[in-house]
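Feature annotation from TrEMBL assigns domain 'Acyl-CoA dehydrogenase/oxidase N-terminal' to 1-61. Annotation source TrEMBL lists domain 'Acyl-CoA oxidase/dehydrogenase middle' at 65-160. Per TrEMBL, domain 'Acyl-CoA dehydrogenase/oxidase C-terminal' is recorded for 172-318.
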């Protein structure tokens, strides 16, 4: 279908390298294209569907987006309200999606919708939805705290008719397919944060070395250089967890627990590193002229997007079997 036939570890290598871009919005947009909106189509889609949507997406001719979150169902995926009702050879889609990365420019959406009245984990399906169909309304491009180079949209569907052949895999398996997509999304997110975190630590070292306070460099203070050494250690530990999870995933294992642990740690560490480093930049860190302030805003999404810290903790608890039984 135009790809190189490489395993997922190469995606992670690319994600780490894209971290050299001096913002987080562009790597995230690329991540949606290659690791968030397309894995289920690649794994479960029909040959015809792959030729129609996957081939131009891999070639870069189509922009893809992922339609899961809604105003009342962000991390609570099972609670989405968008419906896709089967009528003859078509699905009629009604509802809306929120916080959709690349949504204002996407050519198609990997849409999660309710296709039956059954239990919430068994009534959902993934559908390839062309964004130029009648009834698809991109309401607005959302103004955000960070990731400002990546467009995020609110989208409504009003009696949108999609051919039933656009169904990815089996009807009713959408929730399961999306949980599998989340594994790759979360691992990509972790990988894309590593290089920016390393970069900002190094830039903070360089800045505090030359910045003088009370006739000595800021870096000369033990509280500063010890803290930077500790943060660098935390980043390396996160990298090791990521690479372990990826190796297990490539071997065909369920890495939901490790991916959730890595995503949780990446979110927490992104906040910790950028906040600590910004403090050492002093007044300059509070300006828009330096990278640390941009990453402070951009990487804040790591604890929210793709599943909040709280959801990651719930998943980890489930896999550790430490939640009370209902």
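Yeah, the Cβs are placed from backbone N, Cα and C, and that goes for glycine too.
Note that TrEMBL annotation is computational and uncurated.
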Over the span of the domain 'Acyl-CoA dehydrogenase/oxidase N-terminal' (1-61), count residues by DSSP class, listing helix, strand and coil in order.
42 helix, 0 strand, 19 coil
Going by DSSP, how much of the domain 'Acyl-CoA oxidase/dehydrogenase middle' (65-160) is helix, how much is strand and how much is coil, in residues?
3 helix, 51 strand, 42 coil
Need one number: mean pLDDT over the domain 'Acyl-CoA dehydrogenase/oxidase C-terminal' (172-318).
97
